[in-house]
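Below you'll find the structure, written out as C-alpha cells, and then a few comments.
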C-alpha cells in the first residue's frame, strides 16, 4: 500500500510506499522524516480535516490507497496551542449587537416621583411620564407599543440612535420580529415621497434635544431603551372604517412582510387603491413606509381591513394605563395557540410543560429556538447561564464524543465488532490490495446489471481485483460470484481455486462457493463440509434456463436464453488453464450457464459444478481476432494510480541495499500504438438521432472527434452529458436554452427550492419554464449505455 504526502502549501508531493493499513502514525512519521527531512516532533499530519495522532493506525482514519495526507511543518519556536481567555475585569457590559446598555446601574439610576400609571409632567418635551406611546424600531420600520419611563435633556452634539426594540434575547419568549426582507425602491427624488404627518410634527420638535426612555410593553426583557423624539408619537387609538379611507391617506396598518396572508407588525402606509368589490368583500392596497423616502414596499394588499388606525399627532390627548390597555393585535402570532395567554403551548412557550408563566425564567436554545423553563430542564438550573450561547439537551453535542486536536479517535462500534478487533490476532492483514478499499465506484450501471458494462471492451485487463470492482465489471473485492439469491448472478471470477475444474476457453466448468471454514477474516481454507445450493450458488443456478432444482441440478432447455454472466479470468488460474492471462484480471466477455449438478470433488465433500459456455459477439481475447482487436484498441494492463512509481522507488531502494547497479524498473512498457486503431462505429439510427439533436450540435461535434479512439468515445459522451447536479449521466435529459443538459428530476428539485436558474451557468430560466424532455438524446444514451437508467 502507498499514499501521497503533500506539504500544506502544495508545493511538494511525495509517495510513501511499503505501508499497511495497520501502520502506526509514529511509523509513518519516520518514513516522512526520511523523505522530507522533517523530524517527527515538527510534523503535523492532516487527513480529511482530522489531525493524525500517534497511537492510531491508517485504518483508524480510513486512509485509502493513494490518498493524500497533508504535512504541516511546525516551527520549533512555535509555542503549544493554548486557549486564552480574557480576564474577568476586562469584560464589558456590552450587549450582543455591540452597543452599550442605555440604562445606568440600578443604584445610580434617577427615580421618578410619579406613581405608576399616573401622568407626570417632566417639564421638558412633548410627552409625559407614564404616557402610552408608539415607538418605531428603525431597523425594520415597524411601530411597537411602549410607555414613557423617564425624560432627560440631551446635548446639542448628542447623536442618539434608537435602539431596536425587541432584539432576540436568550431569556423570555421568542421575540424575533424581522418577518421580512427589506426591499428599497430606487429614490430618484427626495421630494416625491411625502413623509407622514407624525414625521413632520416630530421633526419640528426634534430640535429640543430631549431623550425619551421607553419601556416596551411586549418585550420587558429589553429593559429601558433610549429614543429620539422623531421615533415616538402618541398611542394610536382611533380605528378607521372603510368609508373613511381615502387614496393618498397615511394610516397605520398591520402587515407581514414575509407571509402577507398572516398577521405581522404595525407599519405606516400610504393608501394607493380602494376597491369595493361587493357588500362584504373589500380591497385596500397600500404602500408600506419604512421610515425614509426611499424605504418603501409598494403594492401591498391588506388582510385586516377592520384594524386600520389613524395616526395621532404630537399634542393629542395623552393616554395612561388608567385610561385602558389600548392594545393592538400584533404578530407573528403562534399558529397553534393563536396567542391565547391561558392556553398551554409547547411551540411558543416552554416545550416541556407548555406553560406561559415565568417568562423571565425561560431559556431559548440557540439551535432549535425552543423555550425551556429553568426548572423544567433535566437537571434543572438554578440561575441563567453566563455563556453567550446556550443549547438544550437535545441539540447540545456530547463533549465526550468530540475529538479535539491532540486527542485520539473514539472507537466506533462498527470497527469494534470486526474480527480483527475481537480475535486478538497480531497478524498484519493490512498489506493486501483486497483491503485497501475502492477509490471510486461505477455509477454508469447499477450493481444488479446483467450483460456488458458500457465502455469496457473484451480483453480489458486490470492489475488488481479492486480495480475490477471500481470498473463495475465484478463488484466484490474477494468473492468469486456476484449475485443475489432471489435474482441471479451478474459476474464471476475464474481463478482456478479448484484443481478439478476444466477450462476449454469458450467453455469451462466452475465450482460453487462454500464448504470452507472462513471464520474470522480468513480468505482461504480446506474443505470441511458439503456445499449447498444457497446464497451465491443459488444465484448462479438461477441464470440457467431451467426450473431450479436444489437436489439433482438441472440442464437448460435453451442455453442461449439464460441470463448473461460476465466472466473475469485471473492470472492465478495459469496453473490449470492456458487461457488465463499472464498478469492481472482480464474481462473475457459474456457466458451462459448450460447446466449445473452436484458431485463429490477431490476434496471428498459434495460440491456444485456449473458448465458455462461463451455467448458474445466480441472475439475472445486469446483468439487471433481478439489479439488483433486488443492491439488496435491499445488494451494494456491497467495499474492503480501511483503503482508504477511506487514499484520503481522500491526497486531503486533494493538495488541500493544490494550495492549493485539499479536494474530496470517495473515501469509499464510503452506499447506501439497502431496509427489506424479500431474506431467506434455508429449505426445509421444513431447518426440520424445525432443530426436531429440540434440543441446539442456543438457538443456532439466535439464528441464525434473521439470516434477514432474507440472506447474513449463512450467516456467522452459520459463526460459531456453528465448532470451537474447529481454528477451522473443525465437521465430524462432536459436541454436548456443555454445548451446545458440536466436530469429532469434534478431540475424539478431545483425549481421546488425556488431556484429558477440553470444549475450549470445560472442563466435565468423563469418560474414558468417548460421542462421538455430531449427524446433524441435519451434514445442515444440508452443505446450507448444500455441499462444505465435501471435503478435510478
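Count begins at 1; order follows the chain as displayed.
In case you wondered, yes, glycine gets a Cβ from its N, Cα and C as well.
In TrEMBL, the annotation region 'Disordered' applies to 407-429, one of the ranges 361-383, 384-406, 407-429, 430-452. For the ranges 609-631, 632-654, 655-677, the feature annotated in TrEMBL as region 'Disordered' maps to 655-677.
Region 'Disordered' is the annotation TrEMBL gives to one range among 29-74, 75-120, and that range is 75-120. The stretch that TrEMBL tags with region 'Disordered', taken from the ranges 155-211, 212-268, is 155-211.
Model confidence over the domain 'PHD-type' (345-398) is summarised by a mean pLDDT of 89. Residue counts for the domain 'RING-type' (723-762) by DSSP state, with H, G and I taken as helix and E and B as strand, are 9 helix, 8 strand, 23 coil.
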